[in-house]
Every structure is written in structure tokens, then in C-alpha cells.
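Have a look at the structure below, then the notes.
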Amino acid sequence: MQISQSNLPNSRSDHHQRPPISPPVVLLPSTHRHPPYLQLRHLRPSPATEPPPNPRPLPPLCIQSHHQSLDFLLEHHHPLTYSALFSGKRVVLFHRNATAMRASGLPHLPFLFDEMLVGVRDAATWGTMLAGYAQTEHYDRCLDLYDQMIVLGVLHDNVSLVSVLSACARMGKLEKGKQVHDHIIHSRIQIDSFLCTALVDFYAKCGCIETARRIFEASPDKNIFTWNAMLVGLAMHGDGELLLSYFSKMVKNKVKPDGVTFLGVLVGCSHAGLIKEARRLYGEMGSVYGVPKELKHYGCMADLLARAGLIKEAMEMIESMPMSGDVFVWGSLLGGCRLHGNVKVAEKAAEHIMEISPEDGGVYSTMADIYANAKRWDDLTKIRRLRDSRRVKKNAGCSLIQLDGVTHEFVAGDDLHPQSHQIYLVLNGIGQHQFQMQL
């Protein structure tokens, strides 16, 4: 395999072809003149009469290169690539390019991992794969890989376990996460602040907020991420009073809040209807704690005020923001307008959402509900025609629940679940009972 300077962009001369130079000489010194990814893309197979190339320069170049260079090499099945990738106990190229490949959607990361011999894979390599799957939302693959590690007896590090617990939390796999927790206890793995954070987040997301609290309280090593996981978990469960109590403890322990902290606090106050407390903390974000307000914080306040029926105040806050509102901000206002039947402000919010995100089908459904509740049938017909003319469809939301190790998925209004008939009968019975209780 050779690389020729004349094949590279901005070569001094296309007329005078330099004689072939061995790859180690050309590849390494030329990195200051040509980007590494361009050098890799101009690698070409050597004639059969020439001696095999030296693979040593490949890892340094790939380490400096974009992941697309690796795509190019793998697609063309360069033997040089494989010898460079899979030699040595720790595969430098795999680890150094893992982040870039995860960002691009794992195009070749699983392939590289599968090509490596089991004995060559170290704990960091397994951990990289687990993190890659978790970060790209391939949660099933993450858990399957974890099961392989258990079968092969591969030692887990805390980073790997954090990825696995994150996958369990996202999928709502409570029993699987409990198994991981049991493994941590029985293996006497030290629970550091990051692993504690993952456990708190997992149990909170799976509905076990008291278990999350016990783990949090038992941990002597709490960092900002651990506190945030606890606060956000309490916010998800709507326990605003307890959330504010934990926030006070956090401040007393001299842990500096950040943007995520206040996001959890504002969400919790919104769900619990703690308007006064939310206003105070929202006002203290910059002046007391030095935390700048971001769009997500404005969105939370808009949601809180709109839910409470303070539509005018929410609108004034949005209009006074130093930046333009996004879909979340205007959507929060729109949700409050639907709750309180404010058609005029709802139309303004919907107009902004349609301008920012024309493909958002939810805004049309929300406006249809608002018009129907206000008995404005002509406007209801118009919004539906507008939706159809723009060929906008709303993505159906779904809910997941795990029962006896089986995950059930439900979509609003469908009857695809095999027990949907019995489920609807129970729901109708609950609805009738609530109606009778109100009489």
C-alpha cells in the first residue's frame, strides 16, 4: 500500500511525480501539511510485487482523524486497518475513535468490537461499547452486552455499570436494574458518587422514589450530579415540599447548584403548585446562586404560571426574555391556555410554534381541543384543514410498563395489546365510579 503526495490536494506539482516512498516516511511527517483524514483517504493498495506496507503509521493518523476516515478504510477492507486495529492488549484506535463513532450513530463500533478477540478486549473496551449503546439509545443491545459480560465472567467497572443502569432506567426495566444492584452488592463493588447517581436516577425513574432516597441518604460521597438526580426524581414524583427540603440541605452542604438543579426545582414546584417558592428561587438564580437562565428555565416558569391560570404573567415573561422562545416555551404556554380555555393567547402561542417547527403535529391537536371546548366549530374545521393541507401528522405517544419481566407498550387510543378489551373495561369502570362519587 502506498500514498503519493500528488494524490493529495494542494500538491506542489501534478507534473513531477515523486517516486513512491514507504508509508512510515510519508504518513507521519506530512501530518503538519495535510489533514490526517486526507492522507487516509488517499491510501491505495500496493502492487502484488511490492513488499507489504508497514502498519505502524496507521494508528497515529487514525487517532487524529475524523471517524469518516475509519468508515472509508473499513468499507474498502484494507488489511492494514485490521492489523492496526486489533494488535496489542489495548486497542488504541478503538478507544480514541469511540466518542466520534458514537456521535455518528455507531456505524462501525460494533463491527470493530466483534472483530476483536475476547482475550484482547479489556474492561475499558467493554465499557466503551456499553456507553456507546446507552448514549445512542440502543438500550436492548446495551443490556444484551451486559449479559454477555456476566456469562464470560468479565469484571465490571463502575463506568460500565452506570451505562447499564441508565439503559434499565430508560426502558423502565425495574427487575433487571435490581439484578444489577444485587450484583453490585454481592460483588462488593464500591459505590462511588457516579454509581450512586446512576442508582438514584434508576430507582426514581422506575417509580421507587423511597429506595432512591435510601440510597442517596446512605451515600457519604455526594456530588452535584447525585443531588441533581435526587431533586429531579422528586420533581418527577410531584413531591415539591420534600424537593425544597433537599434543596435547602444541598445549599447548607455548600454544594453549588447549577442549571439542572433549578430545572428540577422549577418542575417540582410546577407539579406541586408552589408558585410563591418557584418565583423566589427563579429570581435568585442569577443574583444569589450565579446560575444564568436558559430557555428550559423560562419554559418551566411559563408552564408553572400557565398551569396556575396566570396566562398574562406567563406571556409577559416570555415577551421579556433576552432570547426568542422555542417550542418548549411556547408549548408550555399553550398547554396552560388549553387548561384554562384562553383561546386568544393560545392562538398566539400556536402561531409561534408553527413558525418554529412546522412539522409539529401536536400543536394542531391542541388547538383543535381548545376550539372544541370553546364550541368554535368553524375554527376547529379550519385548523384540521390546515393540518391536512400541510400533511402534518402527530407522532403517537406511548407508555411502557413492565410486569413479570415483560415490557408492555401502550399507545393512546389503540387496541393492539392482546388484553386491550379487558383494560378498557376496567378503565370505563373506574371512570363511572369517579363520576358517581362526584354526584
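Note that the numbers count up from 1, one per residue, in the order the chain is shown.
Glycine too: its Cβ is placed from the backbone N, Cα and C atoms.
According to TrEMBL, the compositional bias 'Polar residues' annotation covers 1-11.
Sequence annotations record features per position, and here TrEMBL assigns region 'Disordered' to 1-29 (among others).
For 42-61 (among others), the entry in TrEMBL reads region 'Disordered'.
As annotated by TrEMBL, compositional bias 'Pro residues' applies to 48-60.
Positions annotated as repeat 'PPR' by TrEMBL: 122-156 (among others). The average pLDDT for the repeat 'PPR' (122-156) in the predicted structure is 82.
Taking Cβ pairs closer than 8 Å, the repeat 'PPR' (223-257) reaches residues 193-194, 196-197, 200-201, 203-205, 209, 212-213, 216, 263-265, 267-269, 271-274, 277, 281, 289, 291 in its own chain, all 6 or more past its ends. Taken from TrEMBL, the feature repeat 'PPR' applies to 223-257 (among others).
Counting residues of the repeat 'PPR' (223-257) by DSSP class, helix then strand then coil, yields 26 helix, 0 strand, 9 coil. Here the repeat 'PPR' (122-156) has, by DSSP, the following mix of helix, strand and coil residues: 27 helix, 0 strand, 8 coil.
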